[in-house]
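One structure is given here, and the rest of the page talks about it.
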Amino acid sequence: MSSSTSSQGVVDRVQNFVSEHKHAVLIGTAAALVAIGGVAYYASSSRSGPRGDVEKGEGKKDKKKSKKRKTVKDEDGPILEERKPKASAVEEEEPVYTPEEIARLSEEERTKAAASLKAKGNAAYQQRKFAAAIEYYTRAIAVTPKPEPVFFSNRAACYVNLNPPQHEKVVEDCDQALALDKNYLKALNRRATALEALDRLEEALRDFTAAAILDKFQNMAAAESVERVLKKLATKKAQEIFASREKRLPSHMFTSAYFGAFRPRPLPELPENASQGDQTLRMALEALSASDYAHAFTLVNEALEQGITWDAGKAEALNLRGTFKFLMTDIDGAKEDFLKSLELDPSLTQTWVKIASVWMEQGDPKKAFECFEEAIKHNPNDPDIYYHRGQVLFIMNEFTDAAENYTKSTELDDKFVFSHIQLAVAQYKSGNLANSMATFRRTLKAFPDRSEPQNYYGELLLDQQRYPDAVEKFDRAIEIERAKTTPMNVLPLVNKGLALFQWKQDVEAAEKCCQEALEIDPECEAAVATLAQLSLQQGKIDIALKMFDRQSQLARSEPELISALTYQYATEAQVKFMQNYPEMAAQLGQMARMM
């Protein structure tokens, strides 16, 4: 198992743990932030179905009328409502008053005229005469002595139902309604829907989040709207970021883990009359052996530009450059280099293995397995082939088949620690706990100076909630890593922090572990993700948002970026809610305790 794979596992585990304990903002949830203490929690389901938007004091509608009303383009059903008893409908046409005439009317006359105009607007709306209804509501707004939020909300409903809908006007009217009554749920939902239609997704998320919280999570439609817009917003932003983001190498830990997943090979012999390009390639491979990845990438590009004189050397260079491109998420560029490498030297099995990873990245496991078969044809005794085929099977949850491949890899070369570790993990995932633990104990004995068996054994112990044993293994892994001359792998530190959090709810100790990890490796995504969740749990919202933003910057793939942005936008929406509704803090605290 590479450190990169485990790193993502740490991210998943911390998010799963906090979500189970209602302290995290997760995709597909309506969430709330409590100002006092700042705890974020979520409600993934509502306690009742969507409620009809019927007028107060109204009885059942007859079937014919109900059916007709459902054709109105308003997602939350019948939309006209009364906040006060209905005024009697006025049969005769109301006079059209000029501003001067309105000024001369008494307050009672203005109130009566506004109620009559509103009633006519309601009637026109029911007859689907939306332009006429708009006119009546507009006149009611002009004549009323006291602005009524329902006038603006009902007019907004008419704008929704025009063909085409006038979403900008819906937003304007709902702005007016909410300025008069910020708790007006219908106006909030209407504005959110219009904002979503206008692709103003952050504002739509703000409104849907507020509506879900104000409705005390009773309305499933509100939670679904939060989920829908959150997904749409995070996906859109992720695509924009990836389109403009400069390609760069991931963290040292991630890059080191990827290259460490292949057994080291001897450096190729240079031709007798080696060219400058040949010599530069040799320097690039030496830099790679020294874990100087940025330098190796620069040198391999230079070597290819200078020209490499022999096919096997050029194939090696293309394999290396393709690997760097793959790590930088330039998947098409990586595939191009790998295919050129195989044209020059089809016996380079490592390239077959890597292009299989490209096919998996592109969602084509069939092509990936064909690449493994080709690699086996060229060198059936290359243990890396079986290890990486096992990795693909592991990702596909084919744990028994994965274990067979890890075993084959180990039989061909038992000095590669990751084959042993991954075999133990696959056995564990298959439910063979005794075999898994036995494999780990053998691995610990065979590799006493490697931190990885200690760390991954600790992860399995953590999964079993054997917290003291897990922390002991993480401590041993940290001790081994600190003694190394090469850069420290900080993953055991992050794992220890997570274990302390789950075991003792010791947030301070967990934070300390993550902060130390980030001091050593500022680009450790697992540490950033864990610290973000811990900060959120403590109400350190500013730090949590910074960490979510940092997580977005570090994300290698679009799914990883979407996940990080989901947390970021959900948290921001809740912060905005508490800024707009500070008086809700006490109620939210009570709701959080009940959930």
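Glycine residues also receive a Cβ, built from the backbone N, Cα and C atoms like all the rest.
Here TrEMBL flags 184-211 as coiled coil. Per TrEMBL, the feature compositional bias 'Basic and acidic residues' maps to 50-61, 72-85. Here TrEMBL flags 62-71 as compositional bias 'Basic residues'. According to TrEMBL, the feature region 'Disordered' maps to 43-107. As annotated by TrEMBL, repeat 'TPR' applies to 114-147, 315-348, 349-382, 383-416, 451-484. Annotation source TrEMBL lists transmembrane segment at 24-43.
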* Could you give the mean pLDDT over the repeat 'TPR' (315-348), rounded to a whole number? -> 95
* Same-chain residues at least 6 beyond the ends of the repeat 'TPR' (383-416) whose Cβ lies under 8 Å from its Cβ atoms -> 5, 261-263, 349-350, 352-353, 356-357, 360, 365, 368-369, 372, 375-376, 422-423, 425-427, 429-430, 446
* Structure fact -> Checked against DSSP, the composition of the repeat 'TPR' (383-416) is 27 helix, 0 strand, 7 coil
* **Same-chain residues near the repeat 'TPR' (315-348), Cβ under 8 Å, at least 6 residues beyond its ends** => 242, 247-250, 254-255, 258-259, 268, 281, 284-285, 288, 293, 296-297, 300-301, 303-304, 308, 354-355, 357-358, 361-362, 374, 378-379, 556-557
